[in-house]
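Undergrad: From TrEMBL, for reference:
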- 134-156: transmembrane segment (TRANSMEM)
- 176-196: transmembrane segment (TRANSMEM)
- 202-221: transmembrane segment (TRANSMEM)
- 257-276: transmembrane segment (TRANSMEM)
- 282-303: transmembrane segment (TRANSMEM)
- 431-452: transmembrane segment (TRANSMEM)
- 472-495: transmembrane segment (TRANSMEM)
- 544-650: domain 'STAS' (DOMAIN)
Amino acid sequence: MCSMDKDACDFQEQLDIENNSRAVRTHWVLNAPDPPGLGHELVGTIKKTVFPRRNKSSSSFSQKLGSRYAVSLLQGLFPILEWVRNYKATKFRNDLMAGLTLASLSIPQSIGYANLARLDPQYGLYTSVLPPLIYALMGSSREIAIGPVAVVSLLISSMIPKLVDPVSDPIAYRDLVFTSTFFAGVFQAVFGLFRLGFLVDFLSHAASVGFMGGAAIVIGLQQLKGLLGINHFTDKTDVISVAEAVWRSIHHPWSPLNAALGCSFLIFILMARFLGKRNKKLFWLPSISLLLSVILSTLIVFLTRADKHGIKILKHIKGGINPSSAKHLQLNGPNVGAAAKTGLISAIVALAEGIAIGRSFASIRGYHLDGNKEMAAMGFMNIAGSLTSCYVATGSFSRTAVNFSAGCETGVSNIVMAATVFLSLQLFTRLLYYTPTAILASIILSALPGLIDFNEAYNIWKIDKLDFLACIGAFFGVLFVSVEIGLLAAVTISIGRILLNAIRPGTEVLGKLPGTDVFCSTNQYPMAVKTSGILIIRIHSAFLCFVNANSIKERIMLWVNKEGQGEEEDKKAKSRTQVLILDLSDLMNIDTSGILALEELHNKLVSLGIQLAITNPWWYVIHKLKSANFVNKIGATSVFLTTVEAVDACVTSKMVNP
């Protein structure tokens with residue numbers, strides 16, 4: 001019946017089968033379900049944060065109780081409910097030892113960081129009681145140690161004094177700190193519940209390295225006041241102002257005894273830390289050395305009455321349970337906007353530091369840490385803290401490292417630490433009356449080397465020069481201007497880099513690797529072969545939008561014109577471009593400006609006699625192209641699942657003429 005020979009009939013039959021299969025796969029692309037709407041996504045983000053993934057056994061358990069969603073909600077908000085049922089005495093023993101070791105480090109550091117934040121010492125201790133308890137209930141990290149940290153304390157002491165003088169009006173200053181802490185907690189909780197963690201990522205790793213390094217130097221210079229017993233010092237944080245204040249203090253009375261006592265114990269603490277790093281069995285020595293320094297220096301001052309000879313001491317520390325501070329929040333005052341600004345900056349810095357620490361130790365022990373749940377936990381922790389006389393708390397690297405080395409198993413170590421600090425507030429605050437302020441300066445100075453990472457800065461320089469620009473911008477911004485300007489410089493450079501990549505995204509011509517069905521960049525793989533009459537271009541942008549649509553359209557036309565010019569110059573070259581295939585596999589979304597640019601591109605190509613085809617459009621992209629009637633304009637037969645299918649269709653349907 002067939003007039004052709006048998007081979008021709010078989011080929012035609014195989015071609016029909018292939019065309020039918022290709023048509024089926026094109027149908028898959030064009031008839032995918034509609035993507036979820038914005039409202040559905042917002043509700044879904046909250047559900048993902050609040051409701052944990054559940055296994056079959058826990059699901060059946062909750063169904064037996066008749067309250068599956070209630071149990072899921074509680075376990076989402078309080079991860080402790082998931083693992084506490086399997087908690088054993090052996091784990092508690094390890095957590096108990098880790099918590100006690102942690103407390104020996106936390107007590108002196110908390111007092112020192114409160115001094116850095118220009119608050120009374122008890123507020124640092126308060127911050128090491130309730131926030132760790134809340135985090136132990138709501139957080140999912142097993143190792144992170146919660147409490148006040150140096151960088152956040154510096155942020156507070158550099159921003160709030162611009163509004164209220166902590167010396168002339170300490171009560172108003174304290175109230176603004178509580179208000180800023182409340183706003184920090186609200187921002188953190190919102191970031192976590194709505195899965196907005198990408199906002200914190202604007203403070204990139206490189207920017208964090210520079211920011212932490214600059215902050216460490218500023219903190220160190222500010223501790224010269226306590227270490228040297230300087231009476232007249234500056235409230236500014238930039239290195240020039242601090243250096244001038246130190247130089248001027250030479251001509252004013254200062255206490256050599258303060259300097260001798262502080263430097264002696266600083267050397268002792270650093271030696272203990274060195275020995276602890278050299279011998280892992282002595283992991284407890286650095287944390288114990290801080291507590292020993294406080295005890296010994298207090299005894300020395302008490303026995304010698306050195307406070308009568310120029311040694312500055314803490315004097316009275318208010319003990320007892322955390323007092324309520326809800327009535328002290330200034331949510332309607334004239335400084336509420338500035339307090340919210342301080343809270344936002346503190347929230348971002350605290351989250352960036354805390355989550356980075358938690359993830360690094362989680363990766364060591366091989367479990368996943370959900371950043372959005374961590375944000376929510378830290379947010380509720382700081383909201384509760386602001387109502388109970390605490391200031392912004394987050395994870396501390398030095399204390400977390402001690403907690404990890406001490407063998408902590410769960411968040412119970414935070415509970416043990418908080419209970420120990422609470423007992424100290426009840427029983428031992430009177431014993432700290434004669435503690436010299438020089439010791440607090442020594443404790444803070446001893447923690448600063450861990451914040452300056454020269455090796456990582458060098459690695460950033462080797463790997464990515466633009467990343468290093470963000471790093472060095474944050475470093476010099478903190479060092480020579482202010483903490484907030486340094487942070488702003490880091491974020492601005494990071495956003496500028498993102499905008500640069502968004503405005504000028506990459507486009508590349510694809511060719512087929514010999515012996516494979518893989519199409520890849522002809523620049524990266526020079527052996528890739530172009531198909532005669534077909535120009536394949538991949539768009540390297542996640543979002544084709546008003547920012548980059550015209551740039552991408554013009555760049556594609558440059559490729560088309562370049563191919564045409566090359567063909568005119570070389571008559572023996574491949575035939576002119578007859579089909580342009582756009583590989584949209586990297587494109588995640590598109591807006592109306594992007595669709596308009598594609599329509600203009602299609603019209604130009606039609607005027608040049610070139611057909612347009614698209615491959616592998618993502619869910620949202622094909623949905624919007626269909627809604628804008630763009631698919632009908634280019635034809636449903638010009639939409640393909642893969643680039644290989646698009647090329648084969650062009651060749652077999654003779655859309656390309658040799």
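Glycine is treated like the rest: Cβ placed from N, Cα and C.
The model shown is predicted, which means the values in this text are computed figures rather than measured ones.
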Undergrad: For the transmembrane segment (202-221), could you work out the same-chain residues 6 or more beyond its ends whose Cβ comes under 8 Å from its Cβ atoms?
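TA: Sequence-distant neighbours of the transmembrane segment (202-221): 116, 150-151, 154, 237-239, 242-243, 246, 348-349, 352-353, 356, 444-445, 448-449, 451-453, 456-457, 460, 464, 467-468, 470-479, 483, 486-487, 490-491, 493-495.
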Undergrad: Helix, strand, coil residue numbers for the domain 'STAS' (544-650) per DSSP?
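TA: DSSP classes over the domain 'STAS' (544-650) add up to 62 helix, 15 strand, 30 coil.
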Undergrad: At a C-beta cut-off of under 8 Å, are there same-chain residues at least 6 beyond the transmembrane segment (282-303) that contact it? List them, or none.
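TA: Residues 101-102, 104-105, 107-109, 261, 265, 268-269, 272-273, 275-276, 311, 313, 402, 405-406, 431-432, 434-436, 438-439, 442-443, 446 contact the transmembrane segment (282-303) from elsewhere in the chain.
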Undergrad: Near the transmembrane segment (431-452), which residues from the same chain, at least 6 beyond its ends, have a CB less than 8 A from one of its CBs?
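TA: Tertiary neighbours of the transmembrane segment (431-452) are 108-109, 111-113, 115-116, 121, 150-151, 212-213, 215-217, 219-220, 223-227, 229, 258-259, 261-263, 265-266, 269-270, 273, 290, 293-294, 297-298, 301-302, 306-307, 311-317, 397-398.
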Undergrad: Suppose you look only at the domain 'STAS' (544-650); what would the mean pLDDT be?
TA: 86
